[in-house]
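> Quick one: the structure is below, questions incoming.
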Amino acid sequence: MKAFLAVLALFCLASGISGISIVSKSEWGGRAATSKSYLAKGLGYVVIHHSAGAYCNTKATCSAQMRNMQDYHMNSLGWADIGYNYGIGADGNIYEGRGAGVMGAHATNWNSKSYGIMFIGNYNDYTPTATQVSKAKELIAWLVSQGYVASNYTLYGHRQVGSTECPGNKLYAEIKKWSNWKA
């Protein structure tokens, strides 16, 4: 029995199964990136964004919003993929964007040293749900546990690293309460 559990544990590690549930890009109907640049391990920053677009609270509507953002980023802006590493829907799901280890296009001059996590919707209009907040924190904890983000990382809202109102006033007020947020 011990041998079976050891093999199962190795399989889970090799497969990336670690208890966090992420809706894959293929599950939400995303396209493959046209190119990728990779990030170093142990990054020191996480930047929180909002999409400033439509709010979603079902997997179908959140998937549609992820596709819309990817289409805009790739077709209109000429980027290689959706700009964010991950999205958080009000349906309680984490959506894969560029994913872990891949450089995003979410904050000028910060892409090579941070992960971009975006809440789907306009958080000047909406308050993030407790589930969204929990999922974002779970995602960050997973990024830390996997070595992608340093345990002493700094959390910023996009407005702190760029000239924007992102991540919206209501989401910004929320993240200011998180332990790794810095003024």
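Cβ from N, Cα, C; glycine included.
Dumping what TrEMBL says about this protein:
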type     : residues : note
SIGNAL   : 1-19     : signal peptide
DOMAIN   : 20-162   : domain 'Peptidoglycan recognition protein family'
DOMAIN   : 33-168   : domain 'N-acetylmuramoyl-L-alanine amidase'
DISULFID : C56-C62  : disulfide bond
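Describe the structural surroundings of these features, if you would.
Here the domain 'Peptidoglycan recognition protein family' (20-162) has, by DSSP, the following mix of helix, strand and coil residues: 41 helix, 33 strand, 69 coil.
Confidence in the domain 'N-acetylmuramoyl-L-alanine amidase' (33-168), given as mean pLDDT, stands at 97.
Within 10 Å of the C-beta of C62 (disulfide bond) we count 25 further C-beta atoms, all protein chains included.
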> Give the sequence-ordered list of residues that share a chain with C56 (disulfide bond), lie 6 or more positions from it, and have CB atoms under 8 Å from its CB.
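Residues satisfying the criterion: C62, A64, Q65, G89, A90, D91, I120, G121.
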